[in-house]
Ligand SMILES: *Cc1c(COP(=O)(O)O)cnc(C)c1O
């Protein structure tokens, strides 16, 4: 007798859903963005075993590719499995000893996230803040370092919540002078804005695929200087026969197993000690993202983002819209556009999505309801994506009663492309 499927509470019954079939979308928000087609193809490649020579060779190859993306010689360059936040958490819980002083300059939502994670790592957290839409002068950061004397400076590079890009080129030297480790969250900026891990003296940096790198979320590229590696290696949990305790009366070790970078380094390093099972399809995706960047040229990809960002900025201004923040320090890959008076921001975004298949972003905290965030990153840092978005935005604004110059956005953006 065949059992009645409806008698099994776990069975979806006759209404079994069909295969996944997402709508066509042009993702022009602050991330995630539409992935490069070849990244999606790479993810459908067959799986191999964890210690298959192909797997270990692919891991090694991917490390080398990311050294190119980060502009570093750091041996300790790898992927943390999980979204960008996994990389952030791995870096912070592995570098921060309980009781360490940590300085977090906050210029947007993600600075608050770094402070929150540092607090969970049992740091004494000190923050300095600047108004949303601004960045810190180096002098303000140095002054706070001298006052707080932190073990670690944790600083966001591009904060998509405000669209500001904190200059980092002089921060490493300041940190080195004062004996401070320098960690930066480059999730939203890497690949679309300048980043020079070695030349800037960065000790630890993390990212994600779903912004300028042009992949899906779920893998977090990370790089550590030799100085940072020393700190995490010294904090490995003592395991019989593997490492003797330095000081058995004061056991300090990373409290997370999954995010213990000492163990993750042993997995990616020559010893290949088992830790987690590397997320194979995400490894393929991350490898393809980096390969595409190096194939096009790291500087060429940054220039492509700058051009698309300039065109989008000119385009929204061409529609008569105002732009938020200190434009001298904007990220090249996302712009915050003030919502015109009388336009219901969320309804207009919904019209863009439902009628044109285009997604732009809302915003958080003090900017909620005030600005939309429009991204031009990764695969979508393209002329046709910029012009299509501006044409659709014009139509939606008109529908909501805003009088806009006909074609003003598309024309201004096309002029930027024509002049390039
Ligand atoms: C988008 C973004 C993240 C995202 O973290 P996820 O875990 O991938 O969602 C982190 N940091 C910054 C600065 C970002 O802009």
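Backbone N, Cα and C atoms are what each Cβ position is placed from, and that goes for glycine too.
Annotations in TrEMBL come from automatic prediction, not curation.
Within the set 1-23, 24-46, the record from TrEMBL flags 1-23 under the feature region 'Disordered'. Other Cβ atoms within 10 Å of the Cβ of residue 373 (substrate binding site), summed over all protein chains shown, number 23. Reported as a whole number, the C-alpha separation between residue 211 (N6-(pyridoxal phosphate)lysine) and residue 373 (substrate binding site) equals 13 Å.
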